[in-house]
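First comes the structure, then the notes that go with it.
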Amino acid sequence: MGLRSTLCPESCALPCFALLPQWYTTAVDYWDKQEASVNGVLGGYGHLTTADVRDSRAFLQKAYGTPLAEAEAGKRRLVALDCGAGVGRVSEQLLLHHFQEVDLVEPSAHLLDTARKSLGGRGKHGWPRGHKAVNFYQAGIEQHHPEPGRYDVVWLQWAALYLTDEDLIAFLQRSAAALKPGGVLFVKENVCERGFIVDSSDASVTRHACRRPSMAASPCCAACC
């Protein structure tokens with residue numbers, strides 16, 4: 001199936017094919033065919049990673065600055081979960097600079113294998129001593145059940161658009177349960193000006209900001225669109 005994007009008005013429900021089993025296999029098949037690199041996971045816009053990480057770091061510092069400072073001073077250890085981690089771009093360039101442990105979850109085997117190889121080398125990334133990627137889970141976010149109470153931060157970037165509304169709400173609820181007291185779920189996602197846009201080539205849905213499933217599903221959620 002070729003590229004097909006459909007703009008739907010706000011009154012529409014998500015298309016019925018978003019509820020079919022192949023909705024998720026289409027997305028995985030798409031990413032299995034992409035280059036396992038930063039440029040590949042950013043759709044040919046790899047040069048934007050510096051600006052993206054810069055803004056994400058500012059977002060993280062603004063919402064979670066005190067715990068980060070305590071960890072940097074050696075007063076606490078922080079653990080993060082990178083959701084839809086791809087080749088480990090966000091883990092490598094952002095999370096592992098601030099968190100002692102990072103787990104990654106990603107459904108595409110060849111992207112996750114690249115992340116495992118890239119993040120496995122110690123001392124070459126400029127992270128603080130002792131920071132490491134610990135667990136590499138090959139699973140779709142809709143299937144993943146994070147360990148309850150393990151994480152200080154759950155980072156969900158450019159991955160919520162692959163979930164149906166129902167599965168996204170369920171994952172937000174599981175993520176809330178996976179947070180330690182005072183933990184934060186970060187959601188960084190694209191939005192559209194009205195309605196929602198369905199791209200059947202990679203089985204994604206870009207939602208209007210007002211259409212996002214209620215963040216009440218997670219009481220400790222910081223959203224950036």
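Count begins at 1; order follows the chain as displayed.
Heads up, the Cβ atoms here are built off N, Cα and C, so glycines get one too.
Features reported for this protein in TrEMBL:
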type	residues	note
BINDING	GLY84, ARG89, GLN157	S-adenosyl-L-methionine binding site
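Residues GLY84, ARG89, GLN157 make up the record's S-adenosyl-L-methionine site, and a Cβ search at 8 Å around their centroid adds VAL41, ASP82, CYS83, ALA85, GLY86, VAL90, TRP155, TRP158, ALA159 from the same chain.
Local packing around the Cβ, expressed as the count of other Cβ atoms within 10 angstroms, is greatest for GLY84 among the binding-site residues GLY84, ARG89, GLN157. Between the farthest pair of Cα atoms in the S-adenosyl-L-methionine binding residues (GLY84, ARG89, GLN157), the distance is 11 Å.
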